[in-house]
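The domain 'Malic enzyme N-terminal' annotation in TrEMBL covers 116-275. According to TrEMBL, the (S)-malate binding site annotation covers Arg192, Asn425, Asn469. Under the heading divalent metal cation binding site, TrEMBL lists Glu260, Asp261, Asp284. Annotation comment: TrEMBL describes 285-538 as domain 'Malic enzyme NAD-binding'.
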Amino acid sequence: MEKTVTMNGGDYSVVEEEGKAGFGGGVEDVYGEDSATEDQLVTPWTVSVASGYTLLRDPHHNKGLGFNEKERDAHYLRGLLPPAVFTQELQEKKLMHNLRKYDVPLHRYMAMMDLQERNERLFYKLLIDNVEELLPVVYTPTVGEACQKYGSIFSRPQGLYISLKEKGKILEVLKNWPEKSIQVIVVTDGERILGLGDLGCQCLPVTIDVGTNNEQLLKDEFYIGLRHKRATGQEYAELLDEFMNAVKQNYGEKVLVQFEDFANHNAFELLSRYRSTHLVFNDDIQGTASVVLAGLIAALKLVGGTLADHTFLFLGAGEAGTGIAELIALEISKQTKAPLEETRKKIWLVDSRGLIVSSRKESLQHFKKPWAHEHEPVKALLDAVKAIKPTVLIGSSGVGKTFTKEVVEAMSSFNKKPLILALSNPTSQSECTAEEAYTWSKGRAIFASGSPFDPVEYDGKVFVPGQANNAYIFPGFGLGLIISGAIRVHDDMLLAASEALAVQVGQENFDKGLIYPPFTNIRKISAHIAAKVAAKAYELGLASRLPRPKDLVKYAESCMYSPIYRSYR
């Protein structure tokens, strides 16, 4: 059978034969480790066979007290470990017990990162088995604080740093990374991290450091990035172009580049420039749009009607707001066969200067112009709500406390079940809290947010707020692109991902007012999203992995990373 390259959840990849997926799923598997079943013995190779003290310091192979008696003899570990032998499950139980003792979320985050640096498989097992509890630690909101304080808590580099110092040498820098078979790259320039603004060099796996305009960081003696103002214009464009070309040269045509947390002016430009030449995806524009559209499709079961029956008002007209708006318009166009120009008229946006209307068109940035409809100028959000009378209010402004009591009460005055999405991250930047939305609407709002909120009791009923979390979409979306060998991203793939997520919401979720499924099922959800995205890639003629697997859901599941310990010979 034809061998196919597939994705895992780590930093490396695995080659598998279709129908014979190993326990680990997979990528170019030179030593057979990931294709081995749980019962098969594998060799812990690094450059040579890892053993003794070196093995205990290798996070990819280290098992700590999980090494059994035979492994301790075979790999010169006697005396280097206490005599007790723990199962991976017992190690996990102990770690969760310790993590729950931390009162400060950032300390919990630091403990998790410390675990990742010493025992990779245990880190991922802990995260997979306790995803709802730990996701707020490794993702929003705690990761926002970690990025803000990264210079102070930095101990060991975990990603790749490409700065202006490396201009002309980026291909050499990529070759310095130890793993050679790379299928997904998440990259940022750090200019717009969550709703926190410019955090310079203090973030993602691949950081393009062109400087920072954050004066606080420039004055911070512990700041780890370049200490000058951000490069712009030609200097910036040339560095990004060199990076994108080097990525393709080093890793091939089908490597997925996920743009993350670029500022508006660069996010749209980069996506537009490279979407026809590279396999690229912008999580803030496209990922956010896909997860929000999924929530809206699911919410129709609660509010009734079709998407075309609703009127949408956004606070925020940046990459998230306009990206969501465009995908909603595309979905309505697909359902009604109406032209996109027509379906956009159901959607209104408010930016820092008020409602976007046609009289402002000449002064608008290019990505806002499609949303400039005929209407008299309106300055305040409350006045826009009263004038437009939307059924759906979506916040993507990055400014907290903007959905005031008056705004929510106005939404509730002309909607039996107002749909309110406060999407800005982290929690401090949320347009309103879950408690505020439920209380001010007298328990009638259907609410979801970008950051997590606890359940709320109102008038004797418990409401469980949903989280419109991009992590519902981007893992499954990326997996779908990889298992199909997609060569480009098409908007129809995003619609397919949204629809696949929406159908995962069950009646028991709707009964609690939820419009997203429980995150505990994320691996199953991601497999279904991957299958739908891959199917769309085959349908559009954008898939290169042939022949097409018979069961895409099973194939997606077989390609997922498994964190279970391997047995060493």
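Glycine is treated like the rest: Cβ placed from N, Cα and C.
Whatever TrEMBL says is automated annotation, not expert-curated.
Since the structure is predicted, the reported quantities are computational estimates derived from the model, not experimental observations.
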Exercise. How far apart, in angstrom, are the most distant Cα atoms among the (S)-malate-binding residues Arg192, Asn425, Asn469?
Worked result: 18
Problem set entry | Residue from Glu260, Asp261, Asp284 whose C-alpha is spatially nearest that of Arg192 ((S)-malate binding site), among the binding-site residues | Asp261
Exercise. What's the CA to CA span in angstrom from Glu260 (divalent metal cation binding site) over to Asn469 ((S)-malate binding site)?
Worked result: 14
Problem set entry | Nearest-integer angstrom distance between the alpha carbons (Cα) of Asn425 ((S)-malate binding site) and Asp284 (divalent metal cation binding site) | 12
Exercise. Within 8 Å of the centroid of the Cβ atoms of Glu260, Asp261, Asp284, which other residues of that chain place their own Cβ, given that this set defines the recorded divalent metal cation site?
Worked result: Thr188, Arg192, Ile193, Phe259, Phe262, Ala267, Asn282, Asp283
Exercise. Roughly how many angstrom lie between the C-alpha atoms of Asp261 (divalent metal cation binding site) and Asn469 ((S)-malate binding site)?
Worked result: 15
Exercise. What average pLDDT is reported by the model for the domain 'Malic enzyme NAD-binding' (285-538)?
Worked result: 96
Exercise. How many Å separate the Cα atoms of Asp284 (divalent metal cation binding site) and Asn469 ((S)-malate binding site)?
Worked result: 11
